[in-house]
Amino acid sequence: MKQRSFLSILCFILLAFGVASVSAQTCIENRKYFTPNGTYDSNRRLILSSLPNNTASQDGFYYGSIGEEQDRVYALGMCIPRSTPSDCFNCIKGAAGWLIQDCVNQTDAYYWALDPTLCLVRYSNISFSGSAAFWEIEPQYLVLNTATIASDLTDFKNIWEDLTSRTITAASAARSTPSSSDNHYRVDFANLTKFQNIYALMQCTPDISSDECNNCLQRGVLEYQSCCGNNTGGYVMRPICFFRWQLFTFSKAFHNITLATPPKPPMNVPRPPSVGHGANTTDNDSRGVSAGIVVVITVPAVVIVLILVVLGFFICWRRKSLQRTEFESDSDVSTTNSLQYEFKTIEAATNKFSKSNKLGEGRFGEVYKGKFSNGTEVAVKRLSKVSGQDTKKFRNEAVLVSKIQHRNLARLLGFCLQGDGKFLIYEFVLNKSLDYFLFDPEKQGELDWTRRYKIIGGIAQGILHLHQDPQLTIIYRDFKASNILLDADMNPKISDFGMATVFGMEESRGNTNWIAETFVYMSPEYAVHGKFSMKSDVYSFGILILEIISGKKNSSLYQNDETTTAGNLVTYAWRLWRNGSQLKLLDSSIGRNYQSNEVTRCIHIALLCVQENPEDRPKLSTIVSMLTSNTISVPAPGIPGFFPQSRRELDPLSEGLESG
């Protein structure tokens, strides 16, 4: 402890004499790596080189991808609103160049560049649009000014907290243009003294939700406060959000703000050091700071100080950065403790698991609505003993799953253990599950084609996120309409991870004798042999697409007689497709308000998903591309799995569909 304090003193003295240049570029470690000069590297260089033009010409925000399969590179470019095209172009170009130069083999990296405007460049080997997963917000980096606020400025803390609080609120509020960099952006200022302002800037990527933006910015502000609350400025950066405050304007972001007029600065009072990136510290903005703000460090014995500086230089240099602090997640123990709820808290929230709070019941337990004392609404799942996990495995998997965050996944907030009882606490989703609307003739009309198409795309994004999580791979194995929740805006959220098998990074196949999924959604290899893989989820997703389009259950077709193979939704869709009358599959409650090309493409994709051979089914990344781009060619589907091979000549068009 004494040694750490001594090192801190040495580093502080050294910093008083000058500030090391700190880069805002981050090559994310502990991910996959690529081979330099290979196909992935070529695609990375190609998309990053095109990013300056694409971003500057598209209102300061661009997201795209290039390449195929494992060599595909996703990239994002973003400038703050009202940046000139020239500044935006140069900022993105500089940031992209730094990433190419410094991140020699990391598949995921980002750079918040500060000059000539503020901009973000990021690339990855997985799609990150709309993602606020745990690795998007941890770890993050903090850079600070070394000078501290004068002790006589007693109102500073209140003024600073009020400024950051209202800036978070304004920045996280969604705009009407979600694809523009103007979404989730705010600059503001407050008067500290008659002649001195405080300036704050906050920005999130425009593709995340307001709650996700608010959460990210709140974390940044709290971490800055706990670390460096008395310093005269700094910034916190993450892949999805950025927070900076200073006693001077910066990044040409404050053109429309009336600035306080500083008095003539006294002699020999140094202004605070600039926080730049790389070797470029040029900033033409106003940087005058009154003498009352900066604490001047006086050293009575200059010789002693110089000796300490020389001694401390090497030690501080070995710590890699004099001003950057990486906040990593706590140990596994503390993470577990932060997620574990006391039983009395859960019991009180659910009114002792009263019948009036019960939302539903499935094979693996009952679900209750709960409300904590702070007003937060949650869904509490009380697992039945058939779930079969031992306590240690249950706790470990709960911690892992809680780290997975995406707008199309119902977030696991924590868990509870009480004797033999196990409980999972999820975020509460306002609307009920998809099947509540989809299979009820009186409610089907609330799901027009636009909403259904959006639901299909959202589910695909959610599954892709589960399959491509860099920390673990989850094969869900329980896709069905009742496990898709709908929020207030009818956005889908995949729920109930109690069935999911958690794998290590390299393992993607497994076997089980426990065939627990609803049979009508099962892939042939899973139902017959108990084998599952990512392609098993693809098969189930294909069934779900057909149900969403038709408003019918896969099991809703009837059997003609005891000798005739039972028809189902898959066989019916295939026969309609083969006869060129696929639009007959569409739910009649939709009427004529639909795009026939979208419906046809979704049926086409669904039939590819339900192919008998897993190798013939597309990957989720390919499915997402097919759904989002009409320029991608879609191969012709073959006969689906579980098709009644012996009765191919049976005329299915005479078979009716019953209500689900």
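Sequential numbering from 1, following the chain as shown.
Even glycines carry a Cβ here, placed using N, Cα and C.
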Which candidate, of Asn256, Asn431, Swiss-Prot gives the annotation N-linked glycosylation site: Asn256
Position flagged as N-linked glycosylation site [Swiss-Prot], chosen from Asn53, Asn374: Asn53
Asn230, Asn554 - the residue Swiss-Prot records as N-linked glycosylation site: Asn230
Asn105, Asn579 - the residue Swiss-Prot records as N-linked glycosylation site: Asn105
Shortest C-alpha distance to Glu361 (ATP binding site) - which of the modified residues Tyr426, Ser482, Tyr526: Ser482
Among Tyr426, Ser482, Tyr526, which are recorded as modified residues, the nearest neighbour of Val367 (ATP binding site) by Cα: Tyr426
Inter-residue C-alpha distance, Leu359 (ATP binding site) and Ser482 (phosphoserine) (nearest angstrom): 12
Spatial separation of Ser482 (phosphoserine) from Gly365 (ATP binding site) - C-alpha basis, Å: 14
Residues near Tyr426 (phosphotyrosine) in space but at least six apart in sequence (CB under 8 A): Val378, Ala379, Val380, Lys381, Ala410, Arg411, Leu412, Leu413, Ser495
Among Leu359, Val367, the one of these binding-site residues whose Cβ has the fewest neighbouring Cβ atoms within 10 Å: Leu359
Nearest-integer angstrom distance between the alpha carbons (Cα) of Tyr526 (phosphotyrosine) and Ser482 (phosphoserine): 20
Gly365 (ATP binding site), number of other Cβ atoms within 10 Å: 22
